[in-house]
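**Student:** So Swiss-Prot says this about it:
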REPEAT    54-75  repeat 'LRR 1'
REPEAT    76-97  repeat 'LRR 2'
REPEAT    98-119  repeat 'LRR 3'
DOMAIN    138-183  domain 'LRRCT'
Amino acid sequence: MEPRGEKSGEADGVRVTPQLLKARSGEFALESILLLKLRGLGLVGLGCLGDCLGLEWLDLSGNALTQLGPLASLRQLAVLNVADNRLTGLEPLAACENLQCLNAAGNLLAGPAQLQCLAGLRGLERLRLRDPLARLSNPLCASPCYWASVRELLPGLKVLDGERVSGRGSDFYQLCRDLDSSLSPDPGAPGPRPMEAQPWVEPGYWEALPPRSSSILEEACRQFQDTLQECHDLDRQAWDSLAQAMRALSPAGATAASFVF
C-alpha cells in the first residue's frame, strides 16, 4: 500500500516552532535536545528543526512532509523515521554523516536514483523502504530487481526491510528468499494444477461425544457410603467397650462425678 492519500494542505498543516520542540522534548534549549518524537502531528514543514544540532534520534512518521531540507544540519543524527509521509527524495540526508538507521517506508520514492544520496553514508546499516505489517511501501519496491539494486547501491547495509542481508543470519534470509522464488507460480510455465485442499479429519470428528454412563461413579459412591457407615458402627462399639471397662474398673460406690477427664 502506498502512503495515505490526501492529507491536510499546507495552509492547514502544522509547522515546527521552537515552542513545539521545547514542549515535546522538555528541554529549554534546542541544542540540548537528543531525542524527539513528532509522529502523527500533521506536519507540513520542519521549520527550525535544523537548529537541534545535538539531535540523535528523530521520529517524523505519519505526517505530510514533502521535503527534509532542515535535516541537512543534523550531523549527529543516528536514527530517523520518516515513514508514511509524501517524500519524493531524500537528498538532505546525504549530510547526516552519522546516520545508521533509516525508515522511509510509505513515501513516494520512485526508483533507485532517489537513494543515490545515501551511498556516501558509510555508517548506514539499517534501511526500511517497505513495511508489510503496516502496509507501507514505495513505488520503487514494486520493481522485480528492487532488492538487488538497493544491495548494489548500498553494499554496507546489514538489514533491509527487516531482513538481514549481511553478517550473521543473512544466509537464512537468503534461503527463505530462494524458497519463495522457487515456490512462486510462473503463469507462463506449464504444469499440473494444484490439488484441491482436503480436510484433515473425518466429518463429525470435532462433534461432542454423548455422555458416558455413570455406573462406575455410582458404584464408587455406594462403596464409600458403606465404608463410612462401618466406621460409624465401629466408633459406637468402641465407645460402648470403653464405658464398660470404666464401670468395671471403678471402685464400689463410686459415682460418675468422681472421675475427672
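Just so you know, the numbers here start at 1 and follow the chain as drawn.
Including glycine, each Cβ sits where the backbone N, Cα and C put it.
Keep in mind it's a predicted model, so treat the numbers as computed, not measured.
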**Student:** Quickly jot the same-chain residues contacting the repeat 'LRR 1' (54-75) by Cβ under 8 Å, restricted to those at least six beyond its ends, or write none.
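**Tutor:** Residues 7-8, 10, 13, 31-48, 81-98, 103.
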**Student:** I need to check the long-range neighbours of the repeat 'LRR 2' (76-97): which residues 6 or more away from its ends have a CB within less than 8 Å of a CB in the stretch?
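**Tutor:** Hits for the repeat 'LRR 2' (76-97): 3-4, 7, 39, 53-70, 103-110, 114-115, 117-118, 120-121, 123, 128, 131, 134, 136.
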**Student:** Can you give me the average pLDDT across the repeat 'LRR 2' (76-97), rounded to a whole number?
**Tutor:** 97
